[in-house]
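Student: The following feature annotations were taken from TrEMBL:
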COMPBIAS  A:453-465  compositional bias 'Basic and acidic residues'
DOMAIN    A:16-412  domain 'Oligosaccharyl transferase STT3 N-terminal'
DOMAIN    A:537-594  domain 'STT3/PglB/AglB core'
REGION    A:445-467  region 'Disordered'
TRANSMEM  A:12-34  transmembrane segment
TRANSMEM  A:78-98  transmembrane segment
TRANSMEM  A:110-130  transmembrane segment
TRANSMEM  A:136-154  transmembrane segment
TRANSMEM  A:175-198  transmembrane segment
TRANSMEM  A:204-224  transmembrane segment
TRANSMEM  A:231-251  transmembrane segment
TRANSMEM  A:263-281  transmembrane segment
TRANSMEM  A:293-318  transmembrane segment
TRANSMEM  A:355-374  transmembrane segment
TRANSMEM  A:405-425  transmembrane segment
TRANSMEM  A:474-495  transmembrane segment
Amino acid sequence: MLSLGTDDQTRLLRVAALTGVALVAFASRLFSVIRYESVIHEFDPWFNYRTTRYLVEHDLDSFWNWFDERSWYPLGRIVGGTLYPGLMITASALWNSLHALGFPVDIRNVCVFMAPIFSGLCAVATYLVTKEVKDSRAGLLAALFIGVAPGYISRSVAGSYDYEGIAIFQMMLTFYLWLKAVKTGSAFFGGVAAIAYFYMVSTWGGYVFLINLIPLHVFALILMGRFSNRVYVAYSTFYAIGTLYSMQIPFVGFQPSRTSEHMAAMGIFGLVQIIAFVQLVRSHMASKQFQTLLLGSVGVGFVLAFAALVFLTMRGYVAPWTGRFYSLWDTGYAKKHIPIIASVSEHQPTAWPSIFFDLQVLTFLFPAGVYFCFRKLNDEHVFIMLYAATASYFAGVMIRLVLTLTPIVCVAAGIAVSNILDTYLKHSPPADSAAEKVASDAKSAVAGSSSDKAADKQPAKDKPTGVRNSESKLVVVAVFAYMMALFVWHCTWVTSNSYSSPSIVLASYTPDGRQHIIDDFREAYFWLQENTAEDAKIMSWWDYGYQIAGMSNRTVIVDNNTWNNTHIATVGLAMASPEPRAYEVMRKLDVDYVLVIAGAVLGYSGDDINKFLWMVRIAQGVYPEIQETDFYAANGQYRVDDTASKTMRDCLMYKLTYYRLNEMYPDGNAWDRVRQTHVPAKNIKLSTMDEVYTSENWIVRIYKLKQPDNLGRPLTDAAAFEENRRRKRKHVKKY
Amino acid sequence: MRLWSVSLTAAWLVVAASLAHAALPEHLPKLLNQELTRKVDLTQPSARETFSISVVNDDGQTAADAYYFLFDAPAAAEIAFAEAWVKPEKKADKRKLLAIALDTQHSDDAQTVYRVTLEPSLAPGETLALEAKFVYTHRRLVVSPKAVEQDKAQNLLWEDSAYVVGPYASTEQKTLVKYYMESFSAQPAPVKRNSLGTTITYGPYKVPANAERVPIHVHYEQNLPPVTALEHRRELEVSHWGSNLAVEEHYKIRHDGAAIDGEFNRVKFQGMARKREQTPVLYQIPMKIPGSAHSIYYRDPIGNVSTSTLATKGKTIQLSLRPRFPMYGGWQYRFYFGYDRPLGDVLQRQPGTNTYVLRVPFLEKIGSWTYDETVMRILLPEGASNVRVNVPFALDEVRHGKVRTYLDVSGRTAIWLTKRNAVDEHAQEVEITYDYTGFDLLRKPLGVFGALLAIFVFSIVYSRLDLSIARK
């Protein structure tokens, strides 16, 4: 800083602060790598990882044409046409460039660190957005907030290799470029925003939010009488280029012109054209004639357009809203009509504590920030307000949408805090030179929480009174510094405790503090990979489909891409039926192995018996022979002990879960540590399958289907016959 | 000497058929085995035969320049390692190794011939104390029965002839079979058995030349798992900058012992916790690595394996790797592990020159495994030249090439050494000599320096260029 001018000093400080924030955002997501290992987490990331590996091993062409026969057996899945390829292409591009530069990094490590890297970039994008709305001081604060806010970290820790990890960055980048386009009225920025939008479309289905929010912004501007040539140019370029680009993604295809979700954007595009035309006409006409013409044409046009939309929808040219979309308006909709969506925990409505858990003090700063936007009402502030309102609604409806709320909360909170610091941290003696002011501003923005020190340094010359005196300033700044420190502490705590567990590896601690790793999932999955035939078909509940395909490299019947409800219901039917019927269903599905998750021994509560009622409900929707009520005990409770209903105790899932469990315990004391109850001590007999593997803590159990009997008997009879013969032989031996 | 006569009768049943030795060269100098002792060691999953022969040239005319060992072809196909030497005067003396090789010219479908070159040749009337060792892969021993219940022991079957046959007559011949644990008797009944019951002796017999085999078999309990490494890659990387030798070994193994008869039962497995040695289950892989090793890791294709323990014992580190799952007959597993060790332990600079000598073992011994194919890859630093490889046994393939990895410009010098059918006896030292100059050492920093310089120069130039079309 020796010979730099104050401008350069600020810029240097700003760059340094922003780099620091990006690094913090990156580093705070590494808990799981340090605590466990560099491993892919959860469920969906395993699919993304598997496809990325495929892309790296083959080329882009074969990736588009990839027919995956390893999933949804016997239907298969056309992968290239049913996924958003942005994530995989980004990762493989990164991997290829690293290799070209002579760094032979493993593709797994690239995938694991994708989300943290893009979170760092997202902090920069958020800085840019906030800078457009207020200034760079607010931008730095917003960047810091988004860097550490648990609401975003929850989906972007290292190893969480999922769409959201990079999509939030793309969304903020698009918003920044959009604001820039609206402010400058430049077709160039509109075009660049369209490219950023295309990148976002290629990555995440959540782009629908963006393609509705931006038209909404335009519409609001029109209603507010803020329509201008800038808006016209920006939106026309953005929509035209963006839509054409987005249609290049095979999974999106003609949706932008055929589904209701995209109709708003198209309608606004038409409206903008009309308005621009009308303005052109007005500039060439007398005002009275113009009024009549305007009312007439706009009214007729609107009615015609709406009628056309209704007509096209009814004729089936335009698809109506999808079920997933309806569940956004009516939170009970999914439970009634699509149990498969309701069965996913992240689709539940958000509880208030979880919002506070994810955003902490930002929750309260958020409205303040929106208020400050009201005070300075420009085009970009309208955008912030609309984003805030819509995202708040969606975050309340579905827990996973807290993710889309987080960036705007951070932006608004950044504006709020920076306004407060502007007022209370700024030493405002009239004689101060402008340059010094800028420097101290930058410093305060950088220092953030410790900026109260900077405040005391400056001696007050003539004492102002009331809230403007330095004591009250000190108090306010100190309180905010404390809150910010608490926020960072909270974020670190939440990240470390709640969001950094890979979920395929569990950890417990021995009394002397050593970590004990429970690795049953990988144990069993790897057993499958090594010790089953290459083309073996594994049946399990759909939750484990991606993991089995990724870690065992075997064919699965259903997986987490829940596109075929009937197929899933068939698996549910097999699980909920008694053994002979289940065997029949499984033979039809050509199943070789069945895999169940049983937490009874260890007390792992996310096991299949706890999910079983969902299987029953989903099966019931397609196969009326399954009735949910049959699975409840006489007193109407869901039980697994002696009081469990006969249907429950005969069904395949129950048998596979508790097979041989009683041998572990002394007579009659078999205990289920999840349900905290006794388990019937009677031996469970399996006649249609053999246990082939059970993991160390009994979490994963794998059974192999027997071949049909040579004599054509049902397997149950054959087993009973064998049993009898053995008993007889023993009998003979005795005498 | 009752047994002696029995054996003689047995031997005279044999006709000196000319067919059996038609393969051997004609006019062999007549040698006589005055005393031949064959020790068969079955204590490990793979069999080892050691011959101790006192040979006399009985020909009277020609000096013998070779000694031939004859094996049944099916059994001999499993010989992985052969070594012959002259018995030293004192035990402590260094052995004088003799060249031994598979004589493909004289082997046929029925018999396999190994030829020991006698150097110097054995003059008429002279006596030589010859010793030889043959190591088989574990496939020489047959798992019988193929499947046992999960808590039952594994039994192996060794079949051979009661005495050694060949082109030479033996005046006195013994076969000692040492095995691990007794639970089955051998047929035909052995002549002698030691007090502990761990060694049985056949003979002494007097055997004529070209005698026919008298089949015997030993069926015994052996719970050490016979493991095959289907693929094994041992990758070494020499770094002069880090003064470090990075070792990484990739294994794909299969348990070739007795399979489970019936279901796998976790309860039974847990109940067997204290007596797992009584079943052939492979639940941990004992690995010995040098004591100076550090930064040890153990992984498999889907991530880190957390179940391993480490104990330092003097100059070695005992590394117990537990596979993700216990392994029974027919089960497979893949894993890799690696560590770093100081380069000073294995690398020497020849004084006053730029020539370095690297001495590393070809294998690390693990429980007498059989390696279907093992490839050792040595990465020398970028720019190492004039590479010479010296291996004490015959390799199947030696390949030189280049591998481009971290911060390389042209790629590092690499050598691949391939050996099929390897056993513990191949864990011998490999010697690699190469030249490496001071300039080569500076390649990397210069490369990084150049790349950064290019970036800075580019950015300096770029920031000063005005690329706009219209002047502002």
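The backbone N, Cα and C atoms fix where each Cβ goes, and this holds for glycine too.
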Student: Below 8 Å between Cβ atoms, which of the listed ranges A:136-154, A:175-198, A:355-374, A:405-425, A:474-495 makes the most pairs with the transmembrane segment (A:204-224)?
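Tutor: Per the Cβ count, the answer is A:175-198.
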Student: Would the transmembrane segment (A:293-318) count as touching the transmembrane segment (A:405-425), if touching means at least three Cβ pairs under 8 Å and pairs must be 6 or more apart in sequence?
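Tutor: Since fewer than 3 Cβ pairs under 8 Å link them, the transmembrane segment (A:293-318) and the transmembrane segment (A:405-425) do not come into contact.
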Student: If contact means at least 3 Cβ pairs within less than 8 Å, sequence distance 6 or more, would you call the transmembrane segment (A:136-154) and the transmembrane segment (A:12-34) in contact?
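Tutor: They do touch: at least three Cβ pairs between the two stretches lie under 8 Å.
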Student: Give me the DSSP three-state residue breakdown of the domain 'STT3/PglB/AglB core' (A:537-594), ordered helix, strand, coil.
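Tutor: Split into helix, strand and coil, the domain 'STT3/PglB/AglB core' (A:537-594) gives 33 helix, 8 strand, 17 coil.
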Student: Can you work out which residues elsewhere in the same chain, 6+ from the ends of the transmembrane segment (A:110-130), have a Cβ less than 8 Å from its Cβ atoms?
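Tutor: Long-range Cβ neighbours of the transmembrane segment (A:110-130): 18, 21-23, 25-27, 29-30, 33, 38-40, 45, 48-49, 52, 87, 90-91, 94-95, 98, 136, 138-147, 152-153, 155-162, 165-166, 168-169, 172-173, 175-176, 179, 407, 410-411, 414-415.
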Student: Establish whether the number of Cβ pairs under 8 Å between the transmembrane segment (A:12-34) and the transmembrane segment (A:405-425) reaches at least three, counting only pairs separated by 6 or more residues.
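Tutor: The answer is no, given that the two segments have fewer than 3 Cβ pairs within the 8 Å cut-off.
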Student: Looking only at residues six or more beyond either end of the transmembrane segment (A:231-251), which have a C-beta under 8 A from one in the stretch?
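Tutor: Residues 64, 80-85, 178, 181-182, 185-187, 189-191, 193-195, 197-198, 201-202, 207, 211, 214-215, 218, 221-222, 257, 265-266, 268-269, 272-273, 275-276, 379 contact the transmembrane segment (A:231-251) from elsewhere in the chain.
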